[in-house]
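Peer 1: Per TrEMBL, the feature acetyl-CoA binding site maps to Val110, Thr111, Val112, Arg118, Arg119, Gly120, Leu121, Leu122, Arg123, Ser146, Glu147. According to TrEMBL, the feature active site, proton donor maps to Tyr151. The feature domain 'Eis-like acetyltransferase' is assigned by TrEMBL to 222-317. Feature annotation from TrEMBL assigns domain 'Enhanced intracellular survival protein' to 333-431. If you look up TrEMBL, you'll see Phe435 marked as active site, proton acceptor.
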Amino acid sequence: METSTANQAGTIRIEQFPAGLEDGRPDARTMGWFEAVRAGFHDGAPEPEHVAEQAAGYVADGRILRAAYDDEARPGAWGTEIPVATYGTMVHALNVGGGRQLPTHQITGVTVRPTHRRRGLLRSLIIQDLEQAAANGLAMAALQASEATIYGRFGFGAATFTRSIDVDVRERFQLRSSSYGTMELVDPAALLDLAPRIFAGFQAGTMGSLDRQYSYAQVAAGRWQWEKPEPNRKLRTAVHFLPNGEPAGYVAYKFAGWDTEPHTMKVVDLVASSAASYLELWRYLGSIDLVQRITWPMAPVEDPLPWALADARRYAVKSEEDMLWLRVLDPAAALEARHFERDGTLAIAIQDPLGLAEGKFRLDVDGGRCRVKRLDSAAPADLTLGVDVLGSLYLGGAKARTLAGAGRLDGGDAAVDRLDRLFGTSAAPYCITHF
Ligand SMILES: CC(=O)SCCNC(=O)CCNC(=O)[C@H](O)C(C)(C)COP(=O)(O)OP(=O)(O)OC[C@H]1O[C@@H](n2cnc3c(N)ncnc32)[C@H](O)[C@@H]1OP(=O)(O)O
């Protein structure tokens, strides 16, 4: 697909194409996209020995790439085949509670060349893409934001959060519970098969989790690093097996080096399909000799670990960050897909700067299922909120009371409480998939 957009940068040609391989190499458009996206995130030029594997990963993910080209050649400038803006999408399942999964439109790899920034290129790309995703029947879009100030204007709200933690594992590290099942150090290669299997258990049981793309099993297996498809020889991996022999959790980790004080083990990936497995992974990490600290940037905000420790002060939260941002494209389909823990009724007015989710809707929740009816514009609403606020509320990761206090939604106290009761979840949503 090809379109043109006239913006303050002049006429820019936008193309949309699937990530592609030709004779085992990225095709020309995919290669140009790689060049541009790496420059956009301040990485070096793509390394010839890596691009084929990376492109194969993109193909496996079914990624669709968008690229904006400025065809006006200037002497010595980067070739016109290298886009001035990049944008990528793929679709994976989002756990929306009660084990239900909602196909979700993921946006990634958004960059605009410094020479073309702030001329409306991102705006053109994202509007075109969101409209297309909605027309294709996708009810939800998601991204992770490099800066918190960019995507609210396009209807995205922060929906899940994670903690970066340091755990002191010197002599006093001890769990209150007795051990369960067995931990085994395994060859990282075994994770190629085990990691997706274990993650499937996590995905099925964790509201807010997004299914993972191709690169995750490669990283857990030590075949790739996060930054590039190059083996990670420092990686160690251990698996938790239930008493019946089923693999239920894994941790991939690497030593930070003897020069790092305190001596630190960095968790690269940690996935547990149950709370018990989660604690066994930590029991294992805490038992590694010569290590004084474990670091992990993806801990849950409602983390059982400090409560499981004999000394909770071994556990320090270094920061808490937004992780998944959600954008409702179709309110009726998104809300009807979600599981609700309580029944109730509410009429909401949604304001959407792009018009996609604009309107008034009545929510009737019965037995965990929501039925949504569109109301006419004159109908009264209990609450008025922006579509970005709905994105933050959707998984229960933010409370209406908090957002009302911030002046982000309009309505009486009783309606705000009703929304919180309706959308409340027994566990905070949790996503450990970067994309
Ligand atoms: C999902 C992801 O991939 S997140 C990664 C995002 N990419 C990066 O952080 C890489 C470095 N940054 C960039 O490449 C660019 O600056 C981008 C992609 C963030 C913005 O691209 P641009 O083409 O300059 O944005 P564009 O001109 O369309 O701006 C659209 C609106 O967003 C605003 N905006 C753009 N970037 C930013 C920013 N970094 N902070 C705050 N506002 C911003 C603009 O002011 C404009 O506002 P308005 O239309 O409401 O007046």
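Backbone N, Cα and C define each Cβ position, glycine as well.
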Peer 1: Using Phe435 (active site, proton acceptor) as the reference point, find which of the recorded positions Val112, Leu121, Arg123, Tyr151 has the shortest Cα-to-Cα distance to it.
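Peer 2: Comparing Cα positions, the closest of these recorded positions turns out to be Tyr151.
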Peer 1: Should we count any of the recorded positions Val110, Val112, Leu121, Arg123, Glu147, Phe435 as near ligand 1, judged by a CB under 6 A from one of its atoms, and which?
Peer 2: Val110, Val112, Leu121, Arg123, Glu147
Peer 1: When you measure from the Cβ of Tyr151 (active site, proton donor), which residues in the chain that are at least 6 apart have a Cβ under 8 Å away?
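Peer 2: Correct list: Leu143, Ala145, Trp325, Arg327.
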Peer 1: Do you know which of the binding-site residues Arg119, Arg123 has the most other C-beta atoms within 10 angstroms of its C-beta?
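Peer 2: Result for the most crowded candidate: Arg119.
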Peer 1: Starting from the Cβ of Val112 (acetyl-CoA binding site), draw a 10 Å sphere and report how many other Cβ atoms land inside it.
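Peer 2: That number is 22.
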Peer 1: Have a look around Val110 (acetyl-CoA binding site) and count the other CB atoms within 10 A of its CB, chains all included.
Peer 2: 23
Peer 1: With DSSP as the reference, give the number of residues of the domain 'Eis-like acetyltransferase' (222-317) in helix, strand and coil.
Peer 2: 19 helix, 36 strand, 41 coil
Peer 1: Which whole-number mean pLDDT does the model give the domain 'Eis-like acetyltransferase' (222-317)?
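Peer 2: Taking every residue in the domain 'Eis-like acetyltransferase' (222-317) and averaging pLDDT yields 97.
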Peer 1: Taking each of the recorded positions Leu121, Glu147, Phe435 in turn and counting other Cβ atoms within 10 Å of its Cβ, which one has the fewest?
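Peer 2: Candidates: the recorded positions Leu121, Glu147, Phe435. Fewest Cβ atoms within 10 Å: Glu147.
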